[in-house]
Amino acid sequence: MAEQHNEPKKLGFAQLAALIVGSMIGGGAFNLPSDMARGAGTGAVIIGWIITGIGMIALAFVYQSLANRKPELTGGVYSYAKAGFGEYIGFNSAWGYWLSAWIGNVSYSVLLFGAVGYFLPMFGAGNNVASIIGASVLLWAFTLLILNGVSGAALINLITTIAKLVPIFLFIVISLFMFNFDKFTFQFWGTSDLGGIVTQVKSTMLVTLWCFIGIEGAVVVSGRAKKQSDVGKATVLGLIGTLIIYMLITLMALGVMDRVKLSGLENPSMAYVLEFAVGKWGAVLINLGLIISLFGSLLGWALLAAEIPYVAAKDGVLPKVFAKLNKKGTPSGSLIITNLLVQAFLILTLVASSTYQALYSVASTAILVPYLLSAMYGFKLALTGETYDKNPTGRTRDKIFGGIATVYAIWLCYAAGLKYLLLCFILYAVGIIFFYIGKKQNNKDAEVFVGKEKILAIIVLVIAIIAIVMLFNGTITI
């Protein structure tokens, strides 16, 4: 008798928006004051946010347009890359996104118990034995929660998103009352040791680069949305809301403490800014907010990390085990494999933290590939006119947003650095094995690489080999 699956509950607008905001506003938001001040003056910080805002809003509108014009593509970044550029490129989009998601959850676990260590010193900086035990218990508790149904997990993510915004809003309001315009304008364009304006702006871009990972959250789970029209709206409104919050955190802090003091604060710097303004309770409040924030981010990214390989496996480009569903309609195979890898890397942080940090940087770079491919696909549709024959409204707008988003995504790849891009190819080369298995399981007689895909796979392998050689001869280091 066939296994029965209950129809999974669908996600509404509020849950989709919370998934986006909850995924983007993680631990990094609480350290923005010092991270931004460390390499730039106030003027360069403002320019950096303007550039980031333009690029990310363009990308958000690309996702909105794709969700509206291609509602049948319910696999998000994977589906867009596959539809635009073929199966193998689509697979690489899914592979890079998945790597980034689960290795990112390792980082969130360490940061979470580091924040708990502020109140309970036994957890230290988040990477000792007590922390790893705590993180492991939390990891598998989340796994059981998600296995019980995606909708219930999304509801908890909505609650934690609202809860973590409270201390952030309090920080902004208190900072507004403590704001000193003279501090804000002092050395407005930075000092000579920071370099020129272009150098300063670039330093802020390297920070903001990581702030918006999660913008694609709604399109990744679009197959579980009640209404496809909610996907685009949640993406754009979630992005704009998050951008405003980030800008206010950064600029208000520059009006409470001068840039030099801000740049020297420990993590989470927002806590020490508020402690400077109102006393010890300010730091306690922000650290509690950080714990809630990371708790929500862990849950949100656990959802996203399981969804993409599930969709790819259903399409036959990943092994079938990733496509297994439980009775609740949750991708149990993908979820368990993903969290087993998270568990392994949590243990790795005990014995080889530097290796873990390098792999995390590589995996974070890998997520830029799905962003670039999504932007290029949106731009391609607008240029060719596909889907615009019956509804030409907004084609010029979509060309503009698609072009801006594509240029911005290329810039982000450049900002990530050649070293991590090269190392990234090693991970993509490993992915070829999984792609081969998935294709053969789906159809043992099918050709694995079609047309130019063979050339692309060879290029990936060659660059990966070059990167490995450069690692061994010391040209690049981990």
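Glycine too: its Cβ is placed from the backbone N, Cα and C atoms.
Marked as transmembrane segment by Swiss-Prot on the basis of sequence analysis: 11-31, 43-63, 83-103, 106-126, 130-150, 159-179, 203-223, 236-256, 284-304, 333-353, 417-437, 456-476 (among others).
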Same-chain residue ranges lying at least 6 outside the transmembrane segment (159-179) that approach it to Cβ under 8 Å: 18, 21-22, 25, 29, 245, 248-249, 252-253, 255-256, 270, 273-274, 277-278, 282, 285-286, 288-289, 292-293, 295-296, 299
Most Cβ pairs under 8 Å with the transmembrane segment (11-31), selected from 130-150, 284-304, 333-353: 284-304
Recorded stretch, among 83-103, 236-256, 333-353, 417-437, maximising Cβ pairs under 8 Å relative to the transmembrane segment (130-150): 333-353
Candidate ranges 43-63, 83-103, 284-304, 333-353 - greatest C-beta contact count to the transmembrane segment (236-256) (under 8 angstroms): 43-63
Intrachain neighbours beyond the transmembrane segment (43-63), with Cβ under 8 angstroms and 6 or more residues off its ends: 36-37, 188-190, 194, 197, 200-201, 203-205, 207-208, 211-212, 215-216, 218-219, 231-232, 235-236, 239-240, 243, 246-247, 250-251, 254, 371, 374-375, 378-379, 397-398, 400-402, 404-405, 407-409, 411-412
Intrachain neighbours beyond the transmembrane segment (333-353), with Cβ under 8 angstroms and 6 or more residues off its ends: 98, 101-103, 105-106, 109-110, 127-129, 132, 135-136, 139-140, 142-143, 146-147, 302, 305-307, 309-310, 313, 321-325, 359
